[in-house]
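Feature annotations, courtesy of Swiss-Prot:
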type	residues	note
BINDING	GLY13, VAL14, SER15, GLY16, ALA17, GLY18, LYS19, SER20	ATP binding site
ACT_SITE	SER87	active site, phosphoserine intermediate
Amino acid sequence: MKQKKVFVVWLTGVSGAGKSTLANLLKQQLDARGLRTYLLDGDTLRNGLNQDLGFSDADRRENIRRTAEVARLMMDAGFIVIAALISPFRDARSRARARFAPGTFIEVFVDVALEVAEARDPKGLYVLARQGAIPQFTGIGSAYENPLSPEVHVRTAETSPSECIATIMQKLPLDTDVGAP
(Lines of atoms letter the chains of each structure in order from A and count residues from 1; the text may use other names and numbers.)
(Lines give C-alpha, C1' and ligand atoms only; values in the text may rest on other atoms or scores of the structure.)
Protein backbone atom coordinates (compact mmCIF):
# COMPACT_ATOMS: atom_id res chain seq x y z
CA MET A 1 0.00 0.00 0.00
CA LYS A 2 1.04 3.56 -0.57
CA GLN A 3 2.57 5.31 2.42
CA LYS A 4 0.56 8.40 3.32
CA LYS A 5 2.00 9.72 6.54
CA VAL A 6 5.57 10.82 7.17
CA PHE A 7 7.03 12.14 10.38
CA VAL A 8 10.23 12.31 12.39
CA VAL A 9 10.86 10.37 15.59
CA TRP A 10 13.50 12.35 17.50
CA LEU A 11 15.18 10.25 20.21
CA THR A 12 17.06 12.32 22.76
CA GLY A 13 18.97 11.35 25.89
CA VAL A 14 22.46 11.11 27.35
CA SER A 15 25.15 8.87 25.90
CA GLY A 16 24.42 5.28 26.86
CA ALA A 17 20.69 5.84 27.38
CA GLY A 18 19.79 3.44 24.56
CA LYS A 19 18.92 5.83 21.73
CA SER A 20 20.74 3.92 18.99
CA THR A 21 19.44 0.57 20.22
CA LEU A 22 15.86 1.83 20.20
CA ALA A 23 16.31 3.66 16.89
CA ASN A 24 17.52 0.50 15.17
CA LEU A 25 14.71 -1.60 16.67
CA LEU A 26 12.13 1.01 15.69
CA LYS A 27 13.49 1.08 12.14
CA GLN A 28 13.21 -2.72 11.94
CA GLN A 29 9.63 -2.58 13.23
CA LEU A 30 8.56 0.08 10.71
CA ASP A 31 10.47 -1.55 7.84
CA ALA A 32 8.66 -4.83 8.60
CA ARG A 33 5.38 -2.98 8.00
CA GLY A 34 6.60 -1.98 4.56
CA LEU A 35 7.19 1.65 5.50
CA ARG A 36 10.00 3.75 4.03
CA THR A 37 12.32 4.79 6.84
CA TYR A 38 15.65 6.53 7.20
CA LEU A 39 17.83 6.52 10.32
CA LEU A 40 19.92 9.56 11.22
CA ASP A 41 22.32 8.45 13.95
CA GLY A 42 24.28 11.07 15.86
CA ASP A 43 27.57 9.17 15.65
CA THR A 44 27.25 8.69 11.90
CA LEU A 45 26.38 12.35 11.40
CA ARG A 46 29.33 13.45 13.55
CA ASN A 47 31.66 11.35 11.38
CA GLY A 48 30.26 12.75 8.12
CA LEU A 49 28.03 15.75 7.57
CA ASN A 50 28.87 17.29 10.95
CA GLN A 51 32.54 16.33 11.20
CA ASP A 52 33.53 20.00 11.15
CA LEU A 53 31.67 20.65 14.40
CA GLY A 54 33.15 20.47 17.86
CA PHE A 55 31.32 20.24 21.17
CA SER A 56 30.86 23.87 22.14
CA ASP A 57 27.26 24.85 22.90
CA ALA A 58 27.08 26.63 19.53
CA ASP A 59 28.38 23.58 17.67
CA ARG A 60 25.94 21.28 19.47
CA ARG A 61 23.09 23.56 18.45
CA GLU A 62 24.34 23.56 14.86
CA ASN A 63 24.54 19.76 14.94
CA ILE A 64 20.86 19.66 15.91
CA ARG A 65 19.91 22.29 13.31
CA ARG A 66 21.64 20.41 10.49
CA THR A 67 20.09 17.13 11.56
CA ALA A 68 16.63 18.70 11.59
CA GLU A 69 17.21 20.10 8.10
CA VAL A 70 18.27 16.70 6.76
CA ALA A 71 15.31 15.06 8.51
CA ARG A 72 13.00 17.58 6.86
CA LEU A 73 14.48 16.84 3.42
CA MET A 74 14.07 13.11 3.98
CA MET A 75 10.46 13.59 5.08
CA ASP A 76 9.81 15.68 1.98
CA ALA A 77 11.14 12.72 -0.03
CA GLY A 78 8.56 10.46 1.61
CA PHE A 79 10.53 8.85 4.43
CA ILE A 80 9.69 8.34 8.07
CA VAL A 81 12.84 9.65 9.74
CA ILE A 82 14.29 8.32 12.97
CA ALA A 83 16.86 10.70 14.46
CA ALA A 84 18.92 9.46 17.40
CA LEU A 85 21.24 12.02 18.90
CA ILE A 86 21.92 13.43 22.34
CA SER A 87 20.56 16.90 21.41
CA PRO A 88 21.10 18.21 24.93
CA PHE A 89 19.45 21.64 24.74
CA ARG A 90 15.71 22.29 24.99
CA ASP A 91 15.88 25.44 22.89
CA ALA A 92 17.66 23.63 20.05
CA ARG A 93 15.14 20.76 20.15
CA SER A 94 12.35 23.34 20.11
CA ARG A 95 13.84 24.99 17.03
CA ALA A 96 14.17 21.57 15.40
CA ARG A 97 10.50 20.87 16.15
CA ALA A 98 9.53 24.20 14.58
CA ARG A 99 10.82 22.93 11.19
CA PHE A 100 7.99 20.38 11.06
CA ALA A 101 4.23 20.56 10.75
CA PRO A 102 2.27 19.99 13.97
CA GLY A 103 1.96 16.31 14.78
CA THR A 104 4.92 15.26 12.63
CA PHE A 105 7.71 15.70 15.21
CA ILE A 106 7.58 12.98 17.85
CA GLU A 107 10.10 13.66 20.61
CA VAL A 108 11.11 10.54 22.52
CA PHE A 109 12.95 11.11 25.78
CA VAL A 110 15.17 8.07 26.28
CA ASP A 111 15.62 8.45 30.00
CA VAL A 112 18.20 6.77 32.18
CA ALA A 113 19.96 7.83 35.37
CA LEU A 114 23.46 9.13 34.70
CA GLU A 115 24.99 6.44 36.92
CA VAL A 116 23.29 3.73 34.84
CA ALA A 117 24.52 5.31 31.60
CA GLU A 118 28.01 5.48 33.08
CA ALA A 119 27.85 1.82 34.09
CA ARG A 120 26.79 0.88 30.55
CA ASP A 121 29.38 3.20 28.90
CA PRO A 122 29.36 1.29 25.57
CA LYS A 123 31.96 3.58 24.00
CA GLY A 124 34.17 4.21 27.05
CA LEU A 125 33.34 7.90 26.90
CA TYR A 126 32.33 8.41 30.52
CA VAL A 127 35.68 7.06 31.69
CA LEU A 128 37.46 9.52 29.40
CA ALA A 129 35.21 12.36 30.56
CA ARG A 130 35.89 11.58 34.24
CA GLN A 131 39.62 11.56 33.45
CA GLY A 132 39.29 15.02 31.89
CA ALA A 133 40.01 13.86 28.34
CA ILE A 134 36.55 14.99 27.17
CA PRO A 135 35.94 18.25 29.06
CA GLN A 136 32.53 19.12 27.56
CA PHE A 137 30.96 15.67 27.73
CA THR A 138 27.18 15.81 28.14
CA GLY A 139 26.12 14.93 31.66
CA ILE A 140 29.61 15.44 33.11
CA GLY A 141 31.10 18.74 31.89
CA SER A 142 28.12 19.97 29.89
CA ALA A 143 24.44 20.00 30.79
CA TYR A 144 21.70 17.79 29.41
CA GLU A 145 18.30 19.47 29.66
CA ASN A 146 15.53 16.90 30.06
CA PRO A 147 12.54 17.44 27.77
CA LEU A 148 9.60 19.02 29.60
CA SER A 149 6.79 17.48 27.58
CA PRO A 150 7.97 14.88 25.07
CA GLU A 151 5.39 12.88 23.16
CA VAL A 152 6.99 9.71 24.53
CA HIS A 153 9.04 9.11 27.68
CA VAL A 154 10.74 5.73 28.07
CA ARG A 155 12.96 4.66 30.95
CA THR A 156 15.49 2.16 29.67
CA ALA A 157 16.80 1.03 33.06
CA GLU A 158 13.35 -0.24 34.09
CA THR A 159 11.85 -1.16 30.71
CA SER A 160 13.01 -3.70 28.13
CA PRO A 161 13.84 -2.49 24.63
CA SER A 162 10.81 -4.31 23.20
CA GLU A 163 8.51 -2.65 25.75
CA CYS A 164 10.04 0.74 24.92
CA ILE A 165 9.40 0.13 21.22
CA ALA A 166 5.78 -0.86 21.93
CA THR A 167 5.31 2.39 23.85
CA ILE A 168 6.83 4.43 21.03
CA MET A 169 4.79 2.64 18.35
CA GLN A 170 1.56 3.49 20.18
CA LYS A 171 2.34 7.20 19.86
CA LEU A 172 3.28 7.27 16.18
CA PRO A 173 0.85 8.92 13.75
CA LEU A 174 0.52 5.83 11.58
CA ASP A 175 -2.48 5.55 9.27
CA THR A 176 -4.32 2.32 9.99
CA ASP A 177 -4.17 1.29 6.32
CA VAL A 178 -0.50 2.13 5.80
CA GLY A 179 1.97 -0.72 5.67
CA ALA A 180 -0.39 -3.26 7.19
CA PRO A 181 1.15 -6.72 6.80
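Every residue gets a Cβ built from N, Cα and C, even glycine.
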Output field, ATP shell: CB within 8 Å of site CB centroid, site GLY13, VAL14, SER15, GLY16, ALA17, GLY18, LYS19, SER20 dropped: ILE86, VAL110, VAL112, ALA117, THR156
CB within-chain contacts under 8 A for the residue listed as 'active site, phosphoserine intermediate', separation at least 6: TRP10, THR12, GLY42, ARG60, ASN63, ILE64, THR67, ARG93, ALA96
CB contacts for ALA17 (ATP binding site) [other CB atoms within 10 A, all chains]: 28
Distant-in-sequence Cβ neighbours of SER20 (ATP binding site), under 8 Å, six or more positions away: ASP41, GLY42, ASP43, ALA84
Three-class DSSP secondary structure - SER20 (ATP binding site): helix
For SER87 (active site, phosphoserine intermediate), the three-state class that DSSP assigns: coil
